[in-house]
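As recorded in TrEMBL:
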ACT_SITE  B:Thr181  active site, nucleophile
BINDING   B:Thr148, B:Lys170, B:Thr181, B:Glu261, B:Asn381, B:Thr386  substrate binding site
Protein chains: 2
Amino acid sequence: MSETGVTAPKGFVAAAVTAGIKPSGNPDMALVVNQGPEYSAAALFTRNRIVASPVKITRANAANGVLKAVVFNSGNANACNGAQGDLDAREEAEITAQQLGIDPADVAVCSTGLIGDVLPMDKLRAGIPLLAGGLADHGPAAARAIMTTDTVAKQAVANGDGFTVGAMGKGVGMMAPSLATMLVCITTDASVTSEDLDAALRAATRVTFDTLDIDGSTSTNDTVIALANGASGVRASSRELAEAILRVCEDLADQMQADAEGVTKRVTITVEGTATDEQALNAARTLGRDNLFKCAMFGSDPNWGRTLAAVGMAEAEMDPERISVYFNGQPVCINSTGAPGAREVDLSGPDVDVRVDLGTGGRGRATVRTTDLSHAYVEINSAYST
Amino acid sequence: MSETGVTAPKGFVAAAVTAGIKPSGNPDMALVVNQGPEYSAAALFTRNRIVASPVKITRANAANGVLKAVVFNSGNANACNGAQGDLDAREEAEITAQQLGIDPADVAVCSTGLIGDVLPMDKLRAGIPLLAGGLADHGPAAARAIMTTDTVAKQAVANGDGFTVGAMGKGVGMMAPSLATMLVCITTDASVTSEDLDAALRAATRVTFDTLDIDGSTSTNDTVIALANGASGVRASSRELAEAILRVCEDLADQMQADAEGVTKRVTITVEGTATDEQALNAARTLGRDNLFKCAMFGSDPNWGRTLAAVGMAEAEMDPERISVYFNGQPVCINSTGAPGAREVDLSGPDVDVRVDLGTGGRGRATVRTTDLSHAYVEINSAYST
C-alpha cells in the first residue's frame, strides 16, 4: 500500500513505464491491477458521439460489472483511427490479459493524448510486459504516467470505517464533462457489489467532474473507472461508500481545476433563484463557458455586465429586471443594475467566487467550477500538435 | 449623397460629433435622418433576454413600421442601468425629435459600449443639437462614430435598378447573433412598404449576421435597422430589394469578420451531410465556438481531431464512423480517420475553409463564419473596462 493513489487500498498493485510514445521521454504507460478476492467494477464514459477505440472496448468489458486490470497510455488518444484503432485497443487488452493470466474481457483500456495518430503498437507491445513485471506499490508512478498537459500528478485517498478508497486522475483541458471527465481510476478494498459501486460513482461524478467546465470542449476519451476488491474484509454500507468516493472525486476535481490549462484564476460560479436545479446548472455552465466573462476574470476585471449578457442567453427562466450578481461576496449588480463600488471590487487573488441570482424566487441552485481564459491557454492549445 | 454608407441613397442625411462619452476623445455620437417622402422602417434585435434600454425604446418605436431618425452613441451601452437607463434612452429620443421637429415615437436609439455605466446625459444633451445642426452627406463620419473596438469603419452600398441601398455597421466582439448583430443601419431610396422591408431584412440577416459567430457571446444591444424613403421614385420589387439588402448585409458581415477582435484567421465552416439545414447550422456553430478548434486555427495547426471532438457534441445526427473533414479543400479526415498528409496541410494563410460532412447522406447544409482565438483576443477582452 502507498499512502496515496490507486495503491492506497489493500490488494491493488500498479506499475508505470516509459514506452516511448511521448516524444518527451516522460513515462507514458501505466497498469492498475486488482488482486481480489472480489472484482466489482463500474465505469462512466464521455457523452461525445465520437468515442475513442479504448472507450468502445472498455464500455463492452465493463458492462458485466467485472474488471481485473486497467491499462493506460498517454501521448496518443487512439481516437479516430478507424478499424485499426479498435484492433489496437483490443490487442492492448489481450496482451495485458496474457501477461496477467486473466481473461481479456476483464481488462479496461484507457488512452489520452493527440487524436488521430495510429498507436505505435511496437512500443506498447514492449511496454506491457514491463508493466506486468513491475507491479507493486506504484500508484504515484502510475498517476505521473497518465499525465498529458497536466503539470502535476493527481491522486486522492479517503478512509472509510475499515476500508480505503484511492484514486488517480488526469485532465486539464478539453474538459466539459456531462458524465465524466478525462481519465480517472478509483480503487477500494471495501466489499461492494458492482451495482452499489456504480450508484456511488454516478452520484459522485454528478456533483464533481460533471460540474467542472474548463473550456466547454468534451473529450473523445473521458473514462472514470472504479474497482472494488473486498480485501479489507469490510462490507461498506452504500452511504459510507458513497461518501468516501465523493471525497476522492471532490479532491481530484479540485486538483484538475487548479491545474487547468493556462489557469491563473479558479472561478466558482453559483447560480440560484431559478425554478429548478437544472436551469441553474444550465445558466452556470453558460456563464462558465463565456469567453468574454473568462477574459475579464483573467484581467481581474469586475465587468459584471458581461455576466448579465452571458446568463441572458441561458436556457433558464429569469426576471431580466431582478438579477443580482456578487463577486467574492460583494454585490456588484442588484436588480440588474450596477451596485455602488462595483467597478472597484478586488479580483486580484487566485480564487474568484461568483454568485448570480436570476430573480425568479425559485429554489433552484447549482455550482460550476471553471477557470479564466488566459494567454497561456491560447499558447498551450495553439502549439499542441505542431 | 456620399459614395458609400447610409447617405449613399437619396434623401438621407447624417452627422457625427465627439460628445466626450469615450475617454479616447474619438467621435462617439451619430445621427441618421430620413428626409422622406416615405418613412418605412424595419428593425431586428438581440435575442438576449437582458436587453439594453435603447433596445426597449427602439423596439416600441419601430413596431408600427415607421421611423424618421436614428440617434447613436458609442462608448456606453446604456444596458443594465435600470429605470434610469430607460429614462435616459427616452430622453435621447425626445431631444432628437425636438431638434428635428418630429414625433419622439419616430426616433430609434442605439447605444454600444460598456454595460452598466449610467449615460453621461449632460454630454448627450449637448451633443444632439450639434448633430442636428450638422446634418449633411456625412455617412462615413457616422460610421466612424459608432465604432468601439472596431479598427475600421464599416460601410456598404448596393445599387438596384434605379435605387440605392446604403449601410453602416459596427461589431467585432460579443458576436454570436441569433437574430442580428451589434449595430447596423441600412438606408434605401427605394419605395417599399415596411412589410417588404422587414421580409427583406429578415431574409438577409438569416444568412449573413446570423451565421457570423466570433466568440459565442451575444450582446444586449444588437440592433439592425432598415429605413426606406422612396426618394428615388422607384418602387423596387420584393426580389430586387431583397437582393440589394442581402448584398450590403454580406458586405458588412465580411467586414465584421475581417475586423473581429484579435483576428488573425478568417475561418469559414460549412457542415453538410445532415438531415436538415438546422442540424448543419447547429454543428457548424458548435465547431465555430470550440476554443480548442479556434486555438488550433490560431496556431495554423491542422489538428482535425479537435474538429471531430467538437462536432461530436453538436445537436445533429451523424454517423460517427463516416465523418469527413476538409481543410482548404484538402481531405484531412475520411470515414472518421486521418487522411494521408493530414498533418502537413498548410493553414498559414489568413483564410481557412473548413468543410465537414457528418456522413448521414442527408442534404442538410449550413455555413458559419468565425475567427481564430488569439492572444490579441484575450488581451483586448481582459483589459477592456479597466
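Cβ coordinates come from backbone N, Cα and C, glycine included.
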CB contacts for B:Asn381 (substrate binding site) [other CB atoms within 10 A, all chains]: 28
Structural state of B:Glu261 (substrate binding site), classified by DSSP into three states: coil
Local backbone state of B:Lys170 (substrate binding site), from DSSP in three classes: strand
Chain A, Cβ under 8 Å: which of the binding-site residues B:Lys170, B:Glu261, B:Asn381 qualify: B:Asn381
For B:Thr148 (substrate binding site): intrachain residues, at least 6 apart, with Cβ closer than 8 Å: B:Ser74, B:Gly75, B:Thr112, B:Gly113, B:Lys170, B:Val172
Other CB atoms within 10 A, centred on B:Lys170 (substrate binding site): 27
B:Glu261 (substrate binding site): tally of other CB atoms within 10 A of its CB: 27
Mapped DSSP class for B:Thr148 (substrate binding site), helix or strand or coil: coil
